[in-house]
Structure formats: structure tokens, C-alpha cells
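Listed in Swiss-Prot:
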BINDING   27, 114, 159, 289, 321, 326, 329  2-(N(omega)-L-arginino)succinate binding site
ACT_SITE  160  active site, proton acceptor
ACT_SITE  281  active site, proton donor
SITE      294  site 'Increases basicity of active site His'
């Protein structure tokens, strides 16, 4: 139980904090991850205090020496957390006093935990988003380079989980890569909005000591300085934006995982996952389960929940700082860890899976070329709606005869439309089918190659900004 003397603001209070209240209030177990950035921010603030004449040069040197010692203790895992440490700020402040005495109390002159915590969180997120961006770009690169290698593989494309039209395997891979590039762009946008310094805002009214905030900005490598102190210490837009971007990213990863799970089933047999990303059954020896993909899919729900929870926290808050905001860090840390793990696993899955070109080609059926049959008539001058009807009649006639559409005779087809001639046989070729989609974004080889080149250039730009 914290005694009156243990309280950071003990002068105002008589008696001890209720132990249950203390347990509810403390965030120390979560905030230990902020230890290094908290010290980093304190070092910058100490230098600003010295420039403002609050600290002497000797006092600054003692404070910096103490902070460096604390940083070393955290890095070596020997920092001792006490029961009275409510959060990372009080823990570091308490330890600094133990090391250098009462001079430590000068460090927080004009500084509030309200500004400390948001500064720490922004510093942490700047670093974390750079790591996540790197992992995301590696996944995109893996998809793109695999698409380049396996560009000649053709398989069924699906809508409503029913066979629709032939596509290149590369077109499938690139569809996911393109979605992920949007996530990469959004991460960059969030990082730019995080990059605004709140330190120097005080509890809410600002800093009264003529602190040089431009110096703080430079020391902590922020791009700009917050404009309004009340907004700076309370805004968590950047948390919501990050969790929103993470939610969209997980939607895309979940979709990709679901596609690959389906394609890996024995019913499809299009691909096989590496043993490194599969598990077995505790009962059935023959099983090879796609647990890696299932976990990616399930982690999406976890991230969605974090976004929903922080939105509920923020919804009813009045202006400036409220203790409710303590919930933001757990959400951020959890999602950072989830994305970091999921992106690396997804990259591993994509880089090691083996495709079955034979099974993909076997799954191609003549009925998938019904659209091509309609387009054949369009090229002969028939309006598309009439051509669509004519092709549908051909499908029905083939079903009635118990044969595939490509086995209808020329006479059968002419009974539907006199525009059919002997060159209709060229329609029933899967390579010809995919090669007609030459418009930008299509599944023709030339178009897919253009997509690959474009994505490579885009990745270069995004890597420079990560």
C-alpha cells in the first residue's frame, strides 16, 4: 500500500491509497515498454530546462548521468519496480531521486505527466510504425516477385466462390499486393500525423518557463510542434487512425488467408503450405492444418476489438486529459505486436508455399469461357446483351445434351446464331482467354507485367518514406 509520502502528489492527501484503487490505477506493467522513450524525452526536457535557466550546468550533468544509469538498468533488465510506481514516469522519477537526490525533483519543473505520456506514446509509435512498414513492404515484395516468377500459371478465378473466368495466378497474387500498398500508404500518413511534438504543453495551459519547444522538437526528431496545449495533451486521433489502418490491413490479410486456406484444401488442391507454417492433429495422423493462415484470420478480430474499445473510451470524454486515456497504450502495444508477428508469418507462408500448376489447370472448365463466347459474337457485331443471351443458350444446349460447351458442333452453335463460324474454336483456349484482357489492370501477360513494374517502383518510393 502506498503511504502518504509515497504518493507523487502526497502533500494534498491524508492517508494511504486503497490497495484495490492502486491496483486499478497502476499501468506500470504495461508501460515498461515506454521506459527508453520516457528517458529520451526527459533528457531532451532537461536540456531545455538548462537553456531556460532552471537548471545549472552541473545539475543538468547530474540529471543526465542519472537518466543514463536508469536507461542502462532497463536495458539490462535490472531496474527494480516498486509497489509505489504508478506508471513509467513515476518509476523513473523515483529511481532518479534515489541516484542523485533532491535535484531529481527539478526535472519535472513545468512538466506534467499529461504531456509526458502522449510524448512517450508518439515516440514509441514512430519507431513501431517504421518497423511495421518494413515488414509490410517485405510481404508486398514477396507477392510481387512470386507473381513475376509464376506469371504463366493459369487457374480459375472465382466470384461467389463459383468458377467465373480464367486468370493468371500472378493476377491473384497482385490483387493482394495492390491492396497492401494502400495499407502501406495509410501507415505513412498516420506516421506523418504522429510526428507532431506535444512536449511543452504542460498539464493543459502550456509551459510558463519559456521552454524552447523548437529545441525539444529537434532533440526528439519531430517534424512540427503542436499548436494548442489543450488539444496536444488530450488528442488521441493518431491512436484511432493507427488502429483503423491496422483494421483495414488485417481485413486484407484475413481475406488473403481465407483464399489460401480454400486453395490448400484437398477439394481444390491448388497449393500446399510449407511444414514450417502448418501443424498436425492430436488424433488424426494424416492432417496438415493451415494454422498459420487461420491465426492470421483470427487475429483480425482481435485488432477490430481494440479499435472498437478505444472509440468507446474516447466517445464520452470532456476536453483535456482524463485517466480514461490510460487505456490507449494497451491497445497500441497489442496491435503493434499483432501486426509485427502476422506480417512476418504471412511473408513466410507466401515465400514457401508450393503451387500445383497441374491441379490449377485441371480445374479450368470450358463453361468458364462462356463470357468469351459472348465476346466472340460482340466482335462479330452483335450487341452484348443479345450475345450474353446467345451464350447462355449455348450453355443450356450443352447441359441438355450432357456435353461441355466446347463440344457443341458448329451446327449446334449456328442454330443459336448465324454469326458463329469455324473460327469459334479459338474461343475455347484458356491462354487466348486471359490474353484478351490487355487493358490496364487486366490479366493478360502484358498487363500483369506492367502491374509488376509499377508495384516495384511504388515500393521503392514507399521504402524511402518508411
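Glycine residues also receive a Cβ, built from the backbone N, Cα and C atoms like all the rest.
Known features from Swiss-Prot, placed on the structure.
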{"residue": "27", "record": "2-(N(omega)-L-arginino)succinate binding site", "DSSP class": "coil"}
{"residue": "114", "record": "2-(N(omega)-L-arginino)succinate binding site", "DSSP class": "helix"}
{"residue": "159", "record": "2-(N(omega)-L-arginino)succinate binding site", "DSSP class": "strand"}
{"residue": "289", "record": "2-(N(omega)-L-arginino)succinate binding site", "DSSP class": "strand"}
{"residue": "294", "record": "site 'Increases basicity of active site His'", "DSSP class": "helix"}
{"residue": "321", "record": "2-(N(omega)-L-arginino)succinate binding site", "DSSP class": "coil"}
{"residue": "326", "record": "2-(N(omega)-L-arginino)succinate binding site", "DSSP class": "helix"}
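A C-beta separation below 8 Å, combined with a sequence spacing of at least six in one chain, links the residue listed as 'active site, proton acceptor' to none of the other residues. Within the same chain, the residues at least 6 positions away from residue 321 (2-(N(omega)-L-arginino)succinate binding site) whose Cβ sits under 8 Å from its Cβ are 114, 203, 204, 233, 234, listed in sequence order. Annotated pair residue 326 (2-(N(omega)-L-arginino)succinate binding site) and residue 294 (site 'Increases basicity of active site His'), C-alpha to C-alpha distance, rounded: 32 Å. For the pair formed by residue 329 (2-(N(omega)-L-arginino)succinate binding site) and residue 294 (site 'Increases basicity of active site His'), distance between Cα atoms is given as 27 Å, rounded to the nearest Å. Cα of residue 27 (2-(N(omega)-L-arginino)succinate binding site) to Cα of residue 294 (site 'Increases basicity of active site His'): a distance of 32 Å. Spread of the 2-(N(omega)-L-arginino)succinate binding residues is 51 Å (greatest Cα-Cα distance among 27, 114, 159, 289, 321, 326, 329).
Ranking the binding-site residues 27, 289 by how many other Cβ atoms lie within 10 angstroms of each Cβ puts 289 at the bottom. Put plainly, the binding-site residues 114, 326 were compared by Cβ crowding within 10 Å, and the winner is 114. The local packing around residue 159 (2-(N(omega)-L-arginino)succinate binding site), expressed as other Cβ atoms within 10 Å of its Cβ over all shown chains, amounts to 8.
Every protein chain shown contributes to the tally, and the Cβ of residue 329 (2-(N(omega)-L-arginino)succinate binding site) ends up with 21 other Cβ atoms within 10 Å.
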